[in-house]
C-alpha cells in the first residue's frame, strides 16, 4: 500500500528492479489463497469480479503508487508528505500493515523450512500413522484398500493433519493456552531471519543479486508441479471443480469481497505495470491448476469429494498438499520441490516489504540514517524487534495468534480502507490531471484516460463498496471451523485492524489543526511538481 521510492535509481539494472517487483507480486497468496477462494466462491464465476477489480483497482493503483515513488524519489511516508500532506496517515498505515505482514510471513517460512528438513527423511513423517504423535483416530489415506475405515470421516484424522497439529505445532486448546515454545520452529525462525538480514543488509545492491534466483526458481517449480499434477489420475475432476462456474454466486457480495481483497497493491512502474499485473493474475490462475489437479488426485485416491480435501492457507500448504505428495511416486522429491517453492515465494515478498520499510525510515531521518553503518544497525534492530514480537507465535498456542494477525491486521478491511483514501487523496485532492502530467514528464508518453476515470471514480467507489460489504458480511474468525475465539481476542483483532485505519483520519486532523496540510498547500505542491 505504499510507494517504493529510491528504487529504480539505485538498482544495478532495470532487470533486477523488475525481478524484485515480480517476486513481490507473486507470493504465497497466489498458491494457497487464490485457488481456495476461487473454488469457494463459485469456481469460474469468481474470475469475473476478480478481473473487474484488477482492471478498476489493481492496475490503476499499481501505476499510481509507483508514479508517486519514482517521481518523488521518496519512501512510503515522505512521498505523501511532499505530494499530499493531509494523506500522510496513509503512508504510516501502509507501513504498519507491512510490519504486521513481515511478522506473519516469517512464521510461515519457518514452518515451510521445518517441513523441508523433514522432507529429506527416508519416509515422510506425515505419510503414516506409525509415529509417537499419532492417535487411534489416525487414518493413512494412501492405503486405498482400507476404505471401510473412512466410513465416518468425522471420527478420523489424516496422518498429515496429525503431523501438522500434534507434531509441528503441538497445538493447544485455544489462544488462552499459550503453552511452551516450539523450539524447532524457533530455530527455523532464527535461520530465516538471518537469511533475510544478510540478503538485504546492503540495500538493493545485495537484494538485486538475490532476486535473480529467488524470483525465477519458484516459476520453474510451479511449472514442474503443474505438469506432474496434470499427469495424475483424478486431475481432470479437480480442474472441473476449480473452474466450473456457479453463476448464482455472481450476485453474492461475499464473492466480490473475496476477489477484491486478494488483489495486492504493490509497486510498479509505468509501461511495465500492465505486464507485471498480468503476471500476478496469470500466476494465480496457473497455481490454481497446479493445486487443484493435485487435490483432484488426492480425492480420487481417497474416494471422497474434493470439497473435503480443499483447504485454505496453512491447511492447504501444510496438510492437503503434503498429504497428496505422500501418495505420489518419489514423494520426497515432490515435497522438497514444493517447500523450496514456498520458501522462495515468501522470501521474495519479504525482501521487498522489508526494503520498503527501511527506505521509508531512512527517508524520514536522512541525516541520521544515511551515515555509514546506520542502515545495517537499524535493520538488525528491526529484525530483532520483529523476532521478539513473534515469540508468542511459535508457542503451542501460536497458531491462534498467527491467524488473528493474518485475518485482522494484514488483510480485509484495513487494506480496502487505505485503497479508498489513497485514490481519493491523489485523484481529487492532489489532482488526476497533475498525475497525468507527472507520468508524461517521466516517460514522454500520455497515460490512457481510463486510468483517470479509475482514480477519480471507479477505484474509490469499488473499494468503498467492497469495504462496506466486508463489514456487513463480517464473520468472526474461527479455527478449523470449530474453535471460537474468546471475546477479548476479537477485541484485540479489531484493535490491530484499527491501528492502521485510524492513522488516516488521525493524521489528517493533526495536519489541519497545525495548519501543515491545508488544501491550498496541497494545490501549491501539485503546481510545483507539474
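Quick reminder: no glycine exception, Cβ is built from N, Cα and C everywhere.
Remember, predicted model here, so these are calculated numbers, not experimental data.
Noted in TrEMBL for the protein shown:
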TRANSMEM  12-32  transmembrane segment
BINDING   23, 26, 30, 280, 345, 348  Na(+) binding site
TRANSMEM  44-64  transmembrane segment
TRANSMEM  97-118  transmembrane segment
DISULFID  129-138  disulfide bond
TRANSMEM  185-204  transmembrane segment
TRANSMEM  210-227  transmembrane segment
TRANSMEM  273-299  transmembrane segment
TRANSMEM  333-357  transmembrane segment
TRANSMEM  378-402  transmembrane segment
TRANSMEM  408-432  transmembrane segment
TRANSMEM  453-475  transmembrane segment
TRANSMEM  487-510  transmembrane segment
Feature contact check the transmembrane segment (333-357) with the transmembrane segment (408-432), CB under 8 Å, 3 or more pairs: no
Dominant neighbour of the transmembrane segment (273-299) in 44-64, 97-118, 185-204, 333-357, by Cβ pairs under 8 Å: 44-64
Spatial separation of residue 129 (disulfide bond) from residue 30 (Na(+) binding site) - C-alpha basis, Å: 31
Per-residue Cβ crowding (10 Å cut-off), top of recorded positions 129, 138, 345: 345
Contact call for the transmembrane segment (97-118) and the transmembrane segment (453-475): at least 3 Cβ pairs under 8 Å, seq gap 6+: no
Residue from 280, 345, 348 whose C-alpha is spatially nearest that of residue 138 (disulfide bond), among the binding-site residues: 345
Separation of alpha carbons, residue 129 (disulfide bond) and residue 348 (Na(+) binding site) (Å): 35
Distal contacts, the transmembrane segment (487-510) - CB-CB under 8 A, six or more residues away: 86-90, 92-94, 96-97, 100, 175, 400, 404-405, 407-409, 412-414, 417-418, 421, 476-477, 517
